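Taken straight from Swiss-Prot:
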BINDING   54, 202  substrate binding site
BINDING   129, 175  ATP binding site
């Protein structure tokens, strides 16, 4: 993990550096994601500068997870074969030393996926990204969610996030009106984003995938998560300026990711520091 002081200026410059590095290296991001967002996720990764792959067959995930630069696991649409593929891929990625990002969609609302998420947590993913209800439920403190929606503010989940981060040895991101990332010691808030983003399905899942892209080029999981959430939030803000509603927001979001650069980051990245 970095020993640099996490000032707002440092975080912005690090995000700029990582975005440049990501676009040079075009990391291969292995996604086992949900059926609702596969197209959106792949296009967002391409727009950012990464290379997406949606390999989920149990016959292929072991070898592909070792080949890829990072692995993103999303529990949005569950089935027994997908669960088996997730377990195989996570084990392979961990053995190969590749970063793993877990998105525990609807954990706390449905028992099967809650049990699966807790099993996957034992493999110690580098980064966990969820809404407040999901993070609280994953930490074992109940929930209050309605699937992908959260009835709890992101600040209410900070203690649970810290517990999870210490348990995994990685970072936990809690997304909401303000996003927060902690590794159990450090805490960073990201205040970028726009309310219209909640009217488009899958942008939270997309944020997880973008975190996976940054994790492929940044060894510090907290910094990788911060960079991914900042990029997502900024793209959402820029898209909302040009969009007439949720439909056009989806298109504008991809264009904004593609256009994201150092000038935009220096001008508009908003960090919330303790």
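Cβ atoms here come from the backbone N, Cα and C positions, even for glycine.
Taking the features listed in Swiss-Prot, we show where each one sits on the structure.
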| residue | record | contacts (Cβ under 8 Å, 6+ apart) |
| --- | --- | --- |
| 54 | substrate binding site | 31, 32, 33, 38, 41, 42 |
| 129 | ATP binding site | 101, 102, 103, 172, 173, 175, 204, 207, 208, 211, 225 |
| 202 | substrate binding site | 34, 36, 37, 40, 41 |
Task: For residue 175 (ATP binding site), just count the other CB atoms lying within 10 A of its CB, please.
output: 27
Query: How would DSSP class residue 54 (substrate binding site) in three states?
result: coil
